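Participant: One structure coming up, written as structure tokens, with questions to follow.
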Amino acid sequence: MVKVKVAINGYGTIGKRVADAIRLQPDMELIGVAKTSPNYEAFTAMRKGYKLYTTKENIQKFQNSGINVAGSIEDMIKDSDIIIDATPGGVGANYKKIYQEYGKKAIFQGGEKSDVADVSFSALCNYNDAINKNYIRVVSCNTTGILRVLCTINNFDKIEKVRGTIVRRAADPKEVKKGPINSIVADPARIPSHHAKDVLTVLKGIDIITSALVAPTTLMHLHTLFITTRNKVSKEDLLNILSNTPRILLLNTEKADAESTAEIMEIARDLGRYRNDVPETVIFEDSIYTNGNEIFLMYGVHQESIVVPENIDAIRASLNIMSRDESIRLTNETLKIGKGYLI
């Protein structure tokens, strides 16, 4: 099998996780990762045996820090078939010009504007729309969580309306300079939040309005959705379709005696998950409520890992390597992503 040569531009929260995921794919080869600062993440990448690349002007800086550099970012791009751009939001648009110059395909993250790519992507929703596309944007962690739930329900019964509230984590665990630490912030106070617009880049034409808050936590986001479907949907119907959908897990809070994002993460630790990651959308089963054609539910989104499998599937879609179902199945198997119940 000829393996796809994948480069990672940006080795932070998302980039390092995607790098590890690529190493587990039988049809992919990680040729290197790029960093612009010689910090602890660069040292850990070197310890893992990843080839490190940086900007031409920073090569000496890395070497002076004791970090071996394989070459410039341009060298890495030239040697790749496709690039995962996991640079900070807005930076990817600048790198796109370089990718185009070398005739390389690229996968961008949700921090970029949607017009950076040919298509915004969520594997369960619109994999086929991304086949053979040169530039794909994996939507943000929050939008990925929303879309997994909405597309699953929409495939069962057409959704007429969605209203939702996103309680965002204030920072990732490693981000010591972000907050708030003693406030809940309207983010933004105006309605709708950008999440509704982002959903519409994938699930087009749906009536959706969202609001968003930032809470002083680092663990996960928490969403509440109120959904109106065309026809009556029972709780039993929802439990059946959600429990049989990959990348969605249910948590029975009464049975597990767990009803918080902290306990979800603790379960991940106790199960020995790598980095304690939870790339699945975790729905509180007890929160699922139906009344005729109305649905209410709550779920947690692990912002550090939920988009990782989406990036892997986006690579296969862009290069037309596998069908939707084949790619999702292989990604889930290699990354040990489940369906059914968290515990």
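Here the Cβ of each residue, glycine as well, is placed from N, Cα and C on the backbone.
In case it's useful when we look at the structure, here is the feature table from Swiss-Prot:
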- Cys141: active site, nucleophile (ACT_SITE)
- Thr13, Ile14, Gly111, Arg169, Gln303: NAD(+) binding site (BINDING)
- Ser140, Cys141, Asn142, His195, Ala196: D-glyceraldehyde 3-phosphate binding site (BINDING)
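Could you give the neighbours, burial and distances for every feature on this list?
Facilitator: In the three-state DSSP scheme, Cys141 (active site, nucleophile) is classed as helix. The Cβ of Cys141 (active site, nucleophile) lies under 8 Å from the Cβ of Gly110, His221, Val301, His302, Gln303, Glu304, Ile306, Val307, each on the same chain and at least six residues away in sequence.
Sequence-distant contacts of Arg169 (NAD(+) binding site), defined as residues of its own chain at least six apart whose C-beta falls under 8 angstroms from its C-beta, comprise Val214, Ala215, Thr217, Thr218, Leu219, Met220, His221, Gln303.
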Participant: For the binding-site residues listed here, Ile14, Gly111, Ser140, Ala196, Gln303, which shows the highest count of neighbouring CB atoms within 10 A?
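Facilitator: Comparing the binding-site residues Ile14, Gly111, Ser140, Ala196, Gln303, the most crowded Cβ belongs to Ile14.
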Participant: Which one is it, among the binding-site residues Ser140, Asn142, His195, Ala196, that lies nearest to Gly111 (NAD(+) binding site) by Cα separation?
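Facilitator: Closest recorded candidate to Gly111 (NAD(+) binding site) by Cα: Ser140.
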Participant: Quick check: in three-state DSSP terms, what is Gly111 (NAD(+) binding site)?
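Facilitator: Going by the DSSP assignment, Gly111 (NAD(+) binding site) belongs to neither helix nor strand, so it counts as coil.
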Participant: Beyond Thr13, Ile14, Gly111, Arg169, Gln303, what residues of that chain have CB atoms within 8 A of the centre of the NAD(+) site's CB atoms?
Facilitator: Ser140, Cys141, Asp172, Glu304, Val307
Participant: Determine the C-alpha span of the NAD(+) site listed in the record, that is the greatest distance between any two of Thr13, Ile14, Gly111, Arg169, Gln303, in Å to the nearest whole number.
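Facilitator: If we measure all Cα pairs in Thr13, Ile14, Gly111, Arg169, Gln303, the largest is 16 Å.
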